[in-house]
Each structure stands twice: as C-alpha cells, then as structure tokens.
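What TrEMBL annotates here:
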- B:C536, B:C539, B:C542, B:C574: [4Fe-4S] cluster 1 binding site (BINDING)
- B:C547, B:C564, B:C567, B:C570: [4Fe-4S] cluster 2 binding site (BINDING)
- B:555-584: domain '4Fe-4S ferredoxin-type' (DOMAIN)
Amino acid sequence: MKETKSILFVGVGGQGIILASKILTEGLVKFGYDVKMSEVHGMAQRGGSVTTQVRFGEKVYSPLIGVGEADVIVSFEKVEAVRWLEYLKPGGTLVVNDYEIYSVPVLVGTEQYPEGIIEKLKAAVPNTKMVDAAKKAEEIGNIKAQNVLMLGTLIKALGLTGLDWESVIGELVDKRFYELNIKALKEGMSV
Amino acid sequence: MKKMLSGNEAIARGAWEAGCTVAAAYPGTPSTEILENITKYDGIYAEWAPNEKVAAEVVCGASIAGARSLTAMKHVGLNVAADPLFTIAYEGVNGGLVFVTADDPGMHSSQNEQDNRYYSRASKVAMLEPSDSQEAKDYIKDAFEISEKFDTVVLFRVTTRISHSKGLVELGERNEVGVKPYVKDVKKYVMMPAHSRVKHIEVEERLKRLKAYSNDCFLNKIEWGSKNIGIITSGVSYQYAKEVFGKDASYLKIGMTYPLPDLMIKKFAKAVDKLYIIEENEPFIETEVKNLGIDCIGKDFIPLCGELNPDIIRRALLPVEEIQTYSVDVNVPSRPPVLCPGCPHRGIFYAVSKYKDIISSGDIGCYTLGVVQPLGVTDTCICMGASISAGIGIQKASMMAQRNAKVFSFIGDSTFFHSGITGLIDVLYNNSPIVTCILDNSITAMTGHQENPGTGKNAKGEIAAAVDIETMVKAIGFKNIRVVDPYDLATTEAAVKEAYESTEPFVIITKQPCALIKEVQKKRAHLSCSIIEDNCKKCKVCLRTGCPAISFRNGKIVIDKEMCNGCGLCKQVCKFNAIEKVGE
C-alpha cells in the first residue's frame, strides 16, 4: 500500500477506545507498515469525548488526520459519529456503534439527545456500517468487549483479516478476558 | 528491535539507554508518562517531587554529585522551576543534566499556551527539539552528551503531539556511564555575586561555542527537494510540513532550536526562491531569521494561536481547495468534562453552592470542574497553589471595597503539597479570614493517579512515609480545623456553615479517596443508589448534584446502577425518601 490510510476512533472516555487503537496499531506494525498513532486525553477522561488517530502506510509523517481525510471513522457512540463526521473522506467508511451515552447537559435536561441519528447517517454516508456492539458484547458476556467487537468490524472493512489478530490480542489484553475478546473479534468480523 | 512508543515512553527509554541515574518530576499533562515510564527501568532512581522546583533542584544536586540526571514537567511547570534553571545555567553540570519541558499547543489540558523555546533564550542554555518518537529517544542521548561537553543544562522541548503520539522506535542497550567523581569547586557551584559575575562571562562564551556547534551538528539538517520553496521548521511542525509539501520543497529541519544555526540558515535561504517558516505558536525561529536580514513568510499566514496541523498549513500556504466531506442535520449536544460519578468532591461543592454571596477561588486539578453547572461554585483558577493566595487577595480587596469578603478556596491534596502550603502560611500570618477547603482524595487524580507525599507510597509504588495534612495545618498554627467525610452531607454542611460564619481563618479538610482508585472501585462495586418511584415527586433536586449517574428520562428520574458507586449524596439531598442505598 503506497498511500497512507487514516483511521479515526471516536467515543466517550471509558469505552476502551485507546486499547482498540493499540491492538490495531500493533497488528499494523506486524504487517510491516510504518504507523503513527495519536491520542487525546487529560481533561477528556472525565466523561468528555475521546479520540485516537491511527495512520499507516509505507512512510507516515503527520500523526494527525485533517477534515475530510479519514478513510474510516469508527464511532463507539452515535452522537460522537455526528460530531466527527466532517473528518470522513468522500467515499470513506463509517462504522458506528448503535449505542447512546448521555452527557451531563442531556442528563439534566438542558440539552436534547437527538433522534434518528443512524437513519440520517445512513442517508448521508453510503458506506455506513451500523454495529450493535454494546448489545452483542453483552450477549457474549461483557459489554466491555464492545471495543474489540468494533475493532473486528474495522479489520473486516480494511481488508486486514489475513493477520493473526488473536495473537496480538493475546499480547495486549488480560489473560482472563482473552476468550471473551476473541469471541468479540470474530463477532465483529462477521458483521 | 523496533517498538511502538509514545514520545514520552521514548524519552524514558532514551534516558535509560543514556545511563541516566537520577530522575525527578511532578505530574502534569502532557509530561506525566515520562517519569512513570522511567520508574519501570532498573538503574535509575526516580521520584515524584512535591513540585517542579523541588524536582529540578533534586536533579541539579544529582548532576553536581556526578549523575546523569533528568527532570520532566509540563510547560507551566517550568515557570515553577524557572528559579533553579536560571542559576544552574550559570553553574553548569558535572553529570549531564536535562530539563524536559512538555508544551501544550492547543491547550488540551492547560491553563495557557506558552512557548517554552523562549526559556532557552532567557536562561541562555541549549535547547533540543525532536520531531517524533525515534528522535525523542535519540536526542535525549545527544542532550546528555551536549550537556557534559559544553558544561550546560539542556532544555529538551516536546509538545503534546510528540508526547502523546506513538511511532516506531529502534531500541538500543543501556550505556552504563556510572556516576562521575565529585570535586569540591565553590567557584563553580556556589553562586554568590563574586562567583556569578565570572560565570556570566563564561555563559556568554559558552553560547558562542554552542552556536558554532549548532551550525555544523547533525541535529540541524537540510533535506533538498524542489528549491522553489524552502521551509525552516522544528518539532512536530516538520512532520506536518513534510505531509503537505513532500518533495515539492526543501527543508531545514531544526533539531537544536537554541542557539539557532545562523550560517546554515543563511546558506539555506540563499538557495531557495521562497522561504517559509513553519512553527507552532510563537514566531521564535521567524524573529531570528528576520534579525539576520532574511525575508521570510511565517506568522503573516500561519496562526499564532492554537495547535498546528497539516490542514492549517495547507490552507495558509497553498491555493485553497474546497474540502469535500459529509454532514448530517443533527443537533449535537455538548459533552463537557464533569466530576465523575461518586466523586467525593461533589459533597463539599454541593454544600458550598448554597451560599450565593461568596467568591470561590479554585485550583488546578479535577476540582477545577467545580466550575461546571449545576454546581457552578468556582469563580477563579490561575495556577497550581493559587487558590489560597489569590483567595487572600480577593478577601483583602473585597474588605477594602466594603463588600462581603467571604472567600472559599479549594485545593487538592497533591496541589496543597505542591504549592498550597506557603499560601496557607500567609493566610494565618496576614490574618485573612478565608475558608481553605483541602480536598484530600489521597491521590494526584487529574493526571491519572500518581502518588504524592500524602499517599504513603512512592513513585515505584513502594511503601513510604505519609505526610498528614491535618497535622501540618495544626503545625502552622490554625485553630479552626474541621476534618469531614464529604460523603456525609450533614456534617459537611455543618462545617461549611460554621466556616461561613467564622470571622477567623478556617480550614476544612475533606477526606475520602478518589472514586476511580482501583481498590476503591473494588470496595464500592456492589454499592449503588436507586429510585423508589412511589416516593419520587420529580422535584429534580438530585439532578442539582451534577452526578452523571442520575438522569431524567421519559418523565422519570433514573440512576444508572453501573455508573453509581453508592456515595449516597443524592439520597441525602432528597426530601421525600425517594432514594435508597443498595448493596450494604
């Protein structure tokens, strides 16, 4: 792959976005790509929106993705998909978790959580993949595995299924959750 | 072997490989992970100091005693450590000495956007600036070499985007340099005026030698491409410039930012048609280039405020192209940061929020979020430790203006150790009847749970002596001290009322560990609150606590059992017994 690919992960603190990006990154390194990953945390840990950016290719310079430049946006929460949508490249893929997390202004009723997000996203972006990741992860055994499930869907979308992702997961997640995460990965890949 | 490392991880690795033996720091985003990672290596003594000045002084002493030493801090931390920096710049070093400053363009989690390249010019020391993780590791080794070769402390500047982005790094082995012998030399290490006057002349001579070095060292290099455009750049801006211009430009990549390589700049400028300076924030390089009498384009087009990125550079310097992207017609609600569910700070903020005629002076930490509605308590926030001292000023000015002069200051345990204690001494000494609320959650929470002098553990997680805040406050001479559990609202409210009515200096210490500490999470995992729907009058008083676990959905108050840790504050504010605690 000559051209650099850009993946933007977005969601809310605590959803496991950083771990998912880390697994992706390590896998891409094993593939032999030059990879750069950038994350924003700090204040954002306290219930704010969290993003990580992964860029890979033959040689990567900037760790940052610009507006209209992401090949794929992986959104762990519906509203966050809308917030970051302008970063998606024309013809790019949007992977979105059908999951809501209310922010405090919404919780206390000063702002509204919008309706019909998925329908509107699907109408606007032809390559929208909706994943019921939270629900499916819960069915598998733990909602926390939604991050790896989302990752599975991304791997499929990127056409990177040929790599031994199970061993990458084995290196990066707690042994106790290995089986659960492998199940989540496979489930994600099958979407 | 190659490994994905963040800039901060790479700096730690570089320090280890360079044979560094002493490191000290105070946590601060984006610098925190440097010391955290250093603690993982054997062969380096590593400590969390109470503040950056102390950390810097620890490593200055270690360097004098012969050890390669490193301190790391965020940009504003260098303001605190500026005092030792400017004088160790005169004394020079024995073992190599590196000060890392992690600047935060874009203010991802900082109170200002300062460009610490100016500190190198002001303190007259060499500055290095890497542009990715590999260079972050390599340049640290060079920094130690330069430090020892030129008898200078080296300022090592990174930015958030270098600190927190990861790239592939080729790992090396540790170079065991040992600790150099110490030789008593008062003319070098005792900066009294007679010695300092001599030293200042030496510092100026050293700068000349450093400039000559800068002009032919490998840290500054020219990459020839098209000569239509020449770009002088440093740090992460180099990567952005390469991303945008690729081979359509030539680059003078600056790795040694101070002193700048004047001869190299002249040579480069002469060889290209158009000269751009691409740098984040201040026109540090641009000013120097213009001072050499060279025409260049920089801040006329590239913004001075905020973090740079390839997009901004493209739009500033290339013909504008319409960006194609997607949009949908959805009103996106905001997602501001907020005190966590079960955060112990909420109790004291809720109690103080009842008093509308006070001024509340805040500080740096999670509890800065006391400003967020619905609590909306905090009125000011300046820098670490300023809650108490600014509180004194607010009280004195209000008194002079014959306004209500009641001030509540809020400070965390780590910040209190950092620089709150001196302000508190002033409260008593100058008899300022303010209320100092020390919110002791037994951890440095905002930066991600680092130990501090009160937690009973050191940087490596080993058992350490724990400084007791109440004993300290007593030792200063305070008589009015209340220690409360902020989960117990009645006691907390009583203490706040007493403090509000007092005409004397008053201290309230709240003690309850951060809800995110692993052991606390484990201990409280089975605890939660839930709504007794029959009793609920939907008065929404519970929502006023600002807890993210409580919401009003479909005409009902709901508590998210997963998020709730059963702190019970909502139960205590409910007048209708509509909330019960579960799991006790």
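Each residue, glycine too, has its Cβ placed from N, Cα and C.
It should be emphasised that the depicted structure is a prediction, and the values quoted were computed from it without experimental measurement.
Neighbouring residues of the recorded [4Fe-4S] cluster 2 site, listed in sequence order and excluding B:C547, B:C564, B:C567, B:C570, comprise B:P341, B:G342, B:R346, B:C529, B:T545, B:A549, B:I550, B:I559, B:N565, B:G566, B:G568, B:L569 (Cβ within 8 Å of the Cβ centroid). For B:C574 ([4Fe-4S] cluster 1 binding site), the same-chain residues that are 6 or more apart in sequence and have a Cβ closer than 8 Å to its Cβ are B:V541, B:C542. Shown for the domain '4Fe-4S ferredoxin-type' (B:555-584): DSSP residue counts in helix, strand and coil, namely 5 helix, 8 strand, 17 coil. Summary of the [4Fe-4S] cluster 1 site environment: with the site residues B:C536, B:C539, B:C542, B:C574 set aside, the chain residues having Cβ atoms within 8 Å of the Cβ mean position are B:I531, B:K537, B:K538, B:K540, B:V541, B:I557, B:C570, B:V573, B:K575, B:F576, B:A578, B:I579. When the binding-site residues B:C547, B:C564, B:C567, B:C570 are compared by Cα distance to B:C539 ([4Fe-4S] cluster 1 binding site), the shortest distance belongs to B:C570.
Rounded to a whole number, the C-alpha distance linking B:C547 ([4Fe-4S] cluster 2 binding site) with B:C536 ([4Fe-4S] cluster 1 binding site) is 17 angstrom. A straight line from the CA of B:C567 ([4Fe-4S] cluster 2 binding site) to the CA of B:C536 ([4Fe-4S] cluster 1 binding site) spans 19 Å. Its own atom aside, the Cβ of B:C570 ([4Fe-4S] cluster 2 binding site) has 27 Cβ atoms within 10 angstroms in the protein chains shown.
Each residue contributes its Cα atom, and for B:C536 ([4Fe-4S] cluster 1 binding site) and B:C564 ([4Fe-4S] cluster 2 binding site) these two points are 18 Å apart. Residues near B:C564 ([4Fe-4S] cluster 2 binding site) in space but far in sequence (CB under 8 A, at least 6 apart, same chain), listed by position: B:P341, B:G342, B:L527, B:S528, B:C529, B:C547, B:A549.
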